[in-house]
Structure formats: C-alpha cells, structure tokens
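Novice: Sharing the record's features from TrEMBL:
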DOMAIN    60-370  domain 'K+ potassium transporter integral membrane'
TRANSMEM  93-114  transmembrane segment
TRANSMEM  183-205  transmembrane segment
TRANSMEM  225-243  transmembrane segment
TRANSMEM  250-272  transmembrane segment
TRANSMEM  298-317  transmembrane segment
TRANSMEM  329-349  transmembrane segment
TRANSMEM  361-388  transmembrane segment
TRANSMEM  395-416  transmembrane segment
TRANSMEM  422-444  transmembrane segment
TRANSMEM  456-479  transmembrane segment
DOMAIN    473-729  domain 'K+ potassium transporter C-terminal'
TRANSMEM  499-517  transmembrane segment
REGION    596-620  region 'Disordered'
COMPBIAS  599-620  compositional bias 'Low complexity'
C-alpha cells in the first residue's frame, strides 16, 4: 500500500483552535511520557580495572604493529620530497632536519599523544569520536531524537557546565543558531572525508616507497617491476585484515619493532661516522636561517617536511585498540627516539653525499589531505577544551594559536604542490563529502516528516481497546524512527486494513552519540495506555560502532526484554487493577471521544484548516478536560487522580503471580500465533518545483544510495516471510 504525502504548515488558527492545540499538547505530555523511569530501572555494573606494568608493556609492543606503520616508514621519502631538485648547501640539510625535529615534537608528541588523544570517547578516537562528545555536551545534533533516558547509559559520560562560565556561554552560542550546528557538521564530515582520502593513498605510498629500495643496487631495473611487487605486497597485507586486530598486531609488531630499531641504529651509526654537527639542528635557530636562506623555495619544501608527520591522525583514530597509556609509552620512549635518530643519521649522510639524495628514497604523491584533517581536528579540539574539559580561555588560545601556526604553514606549502598530485586525495574527499551530505540531508527530512505527521496518542486511546478494528491473534512490531508518538504508517495501516494484531509493539531503532551501548542496556520497554490495549513501546539503542551481526537474534532479545518488563511491572504496579479503570473508561468515554478525537486528529494531521462549530468545540474541550484529569503512573498505566488506588499498596504474592502469568501466557500465545514486522518504506522525491541541483541530489544520488544500501529489514535480520512494508512517498 502506498500513499502520496506532502506536508505543509498552516498559516493561522482561530482562538478556540489554539486552545484545542494547547489542550491536546498537554494531554499528549500526560499520555506519552518519556522513558526516563524505565531507563533508571536498568542496573548495570560495568567496571574497568587498571593495567599492570607488564600488561601495559605488552600492549605497547603490540601497538607497534597497528598504530605506527605510517609514521615509521616516513623516513623513506621525506628528504627526497623536501629537496626534489637536489641539495645545494649542507646548511639546508640541517635546516630541514630542524624542521623535522620540531614537527615531530609539536604535532605527534605534544599535540596528539598528550593532548588530542585524551579527547577520546571512552577509548574511541577520531573525528567522529570528537563529534559524539560535543553532541553529548551540547545540543548540536541535527536529528533531535535524544531523550533524558539516554543519559543513564554507562557509556554516556559527560560533565555539567556551570552556569555563567565561559563554557556555558560557548555552549549557548553554539546551540543558538541552526547554521552553526550545520557548520560544525560540515567540519566533522570534511575531516572524516579527508581521512578517507588519505587512507586510500597512504598504504600504496608507503609500500611503493619501501619497495623502491630494491632499485638502489639495480638502477636499470624497470619501474614496472617495483609496481608489481608493491601490488603483491598490498594484496597480502589487506588479505590479513580479516584475522582481527589482535592477530595482525602480534604479526606486525615484531616487524615494525625490528624496522624501528634498524633505522634508529643505522641513524646513530651515520651520525658518528659522517657528521656529528647535524645535532645542532636541535636548536630552533636553524629553522629561521633555513627560511631566510631559501625564501620561497624553503616555504614550498614544507610539503616534503609534512610527510614526516603523516600517520599522526591515524594514531589518534587507532587508540580504540589499545589503552592510551600504552600508546603514550610506545611513542614517547621508543618510536619518537628511533625516528629522531633515523632523520639525524640521514641528514649526516646527506651532508657529505649531497648527490645521493635520491638513492634511499622514492617519489611519492604529496599525502594534502593530511594537513586538512589536522586543521579540522584543531578546530574541534578547541570546542572540546571549552565544553568538555572546561579549560581556561587562555590555555585554549595558546593551543589554537600554536597549532594553527604550524598547520597553516604546512597547508600553505602543500597548496603549491596541488597540481603535482595533491589533488587526488582532495577529489576523493570531495566525492565522499557529497555522498555523506546528500544522505544526511534526506535522512533529516525524513525524520522531520515523521515528526510532523505522527498520530496523536490521544486519538489512539480514544479508539478504545479494540482500536476500532478487529484484534486478530499475533504480535505486530511497528518500526518507527520516533521515540515518542505513534508513526504515520500505523494510521495508514489501520485505515486501509480492517484488522490489527492483538498485541502491538512500536519499535524505535535509535543511534546515540556513544561508541557502543552495552547489550544489557540495549532495550527500553514501556506500556502505552491501559493493559487492555496491549500496546507497548520498545526503544533499541545502538552506538556508532555497534554492528548488527548475522548471529544477532533481534526479535528474541526484544521479546525477552518485553517479558522482563511485564514481570517487573506486575511486582511494582499500584494495588488497583487497571482493568477496572479500563472498562469504565471504555464504556463511558470511548464512544463519545472517538469521533471527536478522530476528527481532531484528521484536522491536525492533514492541516485542512477547517473551523468547527461552537457546539463541537465545547464538546471537544469538555472531553479534553475529562481526559486531562487522568494521570500516568510510573509505569504509564492510567488511573484517576482522585482514586484511592493511586497510592502504592502491597498485594498478596499469589495475586501478582496470577496476573503476571496471565499476561505472559497471553503474550506467549500471541507470539506463537505469529509475529509480523511492519516497516515503513518511505520513498523520498524532489518536489515538482524544485531546482535542478536538488532534483539531481534527491532523485538520482540519494535514490541510488538508498537502492544499494541495506534496508532495515536486512540489518535487523527480519525474515522475509514475516515482513510487511507500508509504502509512502514523501516530497521535499
């Protein structure tokens, strides 16, 4: 079944209509409470023990094979790309070495290892991890589907911002305008796309540079042989990825360790054999003299110096695999000294052999996206230091100024090498950014459509326990992106079919700005309306690193959570039997309220703007007043305010067990009768009057992406024979 849906916002309402809307809103708040109390009932003990020194050393060694491959191979091509036209003066070598030393000191060691890596999301690093931290500390997400209950997750760590502080003012400024949130998202997507562009090229550059060494003793060897050997090595490397981080780490850790020891020892040998005077490069004075002597050529050569710190962003992204302290130990006391010795040794050799600058190195594409990723990280880190760490503004200013001076200098240098190959990662990043932007735009529009077209909860309850339909045996799982309210597809479904299942569960699969949601905290269940309605809501929460594996039995876990909720509810509910109220409510008010609520719901959902006569308006207001007099208990069972049963009372355990067994038996019987997964299949299309870029983006790019991406039914492993798609078309 398909439906054409277009949404519009009414220009104005009369005074009584506004009162109706206000009363409806108040009623909705009472009928559809957030799931805070249900989340509070989930008790989880998730402790994390400390690491012994032996374990830290072992993990530090293992991290060598995962984290430092790119940084460790940088000495293969840095000096060649710094002096592509040859070396004229030995002081140029010392100046370049000084730049390399301070680049390694300021960027990988101080900025990333000891500052940026601390801005991790429970151990997760990278641009998306920073964005998730910001989304938890400020309302900067463009899809407002977060609830207070999400903050009770063990992985949802955040700090409160004191009122009136610099952090609070920055938070208010960031949340104040929608375009600022969009700008933040663009920065995050740009940094992510640049990382992708760099990651595609970096393995090939590193392997090709290393393999180029075989031509040193065979100058006449064809370059095609080097390329073929590199391809074979790359295929072998990538074929090992499926074995997992642990095995790959143990396999490559000894190799990288031997490599770093070798280049460090060779560097030390070259220093003492060729020229110990290169050690004066540790004085920053030679950086100034280098630029003074070489001028514009010296500035352009920063593109080659930049290659000495490639892999730094990967270091930050890979901290998820190892404790931060293990990475800090490995880099500070092993990787960093070995790299310094290697570069100093190469400089000592080149001082006496200026014509050998090509012998030990191989040409490579200038890796341009790297410095852009660093710039994006710096901008995001400024917000992290203000909102999350609540640093003093002076410290934030020092960090920002120093980082931007270094990184903007490198960026201005690599611009000159854009036509030499630096455009390749930028093109890859631009394509990735286009894809992500189109997908995000359509996703936000679909969510807004769901919110604007959702069905009033009071309308559902006004239909009575039968929902105005025949309740057939079975359980219907209605999937929606809404954590509150009834999705439009449900009203579309019951409008076109004369029957509905005896048990209805609204299932919301929601992704949160956390890296993972523990399995025991995955599902939150609540009841909708009185027990006789047999309606529930279940929110399944996932983090950005949670995967739906094929062995995940989503349906079984959902029903286990539902059954557990029934048991807990029966033990904790008030002494009154809610069915007593339900019967009275159904007899006295269902028939009168149903027509009025259906009429009101239709007028709200379709925005027809028709005015009702005074008699209907007064009747509706009386009905609203009577329904507002009922409150929702902690378990969302509606009981009268003035009822003596609104107080908690203890009942005999036999009564509790009988009620629990009755409902659980009923649910089990319904489950055995059959489970149907009802999913909305919303097709997004551009409006007829939309511009050409929008039509291309929505009707072609997004349509292609939606076609090749897995559907929710596939992700959740819903059996095809139990799937029912409710189709609708949404025009943007």
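Backbone N, Cα and C define each Cβ position, glycine as well.
Buried or exposed, and what's around them? Tell me for each listed feature.
Specialist: Within its own chain, the transmembrane segment (93-114) is flanked in space by residues 71, 78-79, 82-83, 87, 277-278, 280-284, 286-287, 289-291, 293-294, 298, 301-302, 304-306, 308-309, 312-313, 315-316, 327-328, 331-332, 336, 339-340, 343-344, 347, 350-351, 354, 374, 402-403, 406-407, which lie at least six positions past its ends and keep a Cβ under 8 Å from the stretch.
Taking Cβ pairs closer than 8 Å, the transmembrane segment (183-205) reaches residues 70, 77, 126-128, 130-131, 134, 140, 142, 174, 230, 234, 237-238, 310-311, 313-314, 317, 364-365, 367, 369-370, 372-373, 376-377, 379-380, 383, 424-430, 432-433, 436-437, 440 in its own chain, all 6 or more past its ends.
Long-range contacts of the transmembrane segment (250-272) within the same chain, counting only residues at least 6 positions beyond its ends with a Cβ under 8 Å from a Cβ of the stretch, are 61-66, 68-69, 72-73, 75, 240, 278-279, 334-335, 337-346, 348-349.
Here the transmembrane segment (298-317) has long-range neighbours at 67-72, 74-75, 77-84, 95-96, 99-100, 103-104, 107-108, 112-113, 116-117, 125-126, 195, 198-199, 202, 290-291, 327, 331, 339, 343, 364, 366-367, 370-371, 373-374, 377, 409-410, 412-414, 416-417, 422, meaning same-chain residues at least 6 beyond its ends whose C-beta is under 8 angstroms from one of its own.
Residues 56-57, 60-61, 63-64, 67-68, 71-72, 74-75, 78-79, 93-94, 96-97, 100-101, 104, 108-109, 113, 260-261, 263-271, 273-276, 278-279, 281, 308, 315, 356, 360 of the same chain lie 6 or more positions beyond the ends of the transmembrane segment (329-349) yet place their CB under 8 Å from a CB of it.
Outside the transmembrane segment (422-444) by six or more residues, the chain places 142-143, 185-186, 189-190, 192-194, 196-198, 200-201, 303, 365-369, 372, 414-415, 684, 697-698, 701-702, 705-706, 732 with a CB less than 8 A from a CB of the stretch.
For the transmembrane segment (499-517), same-chain residues at least 6 beyond its ends with a Cβ under 8 Å from one of its own Cβ atoms are 121-124, 129, 131-133, 135-136, 141, 145-146, 150, 153, 155-156, 320, 467, 469-483, 486-487, 490, 493, 528, 534-546, 558, 562, 666-667, 670, 676, 712, 716.
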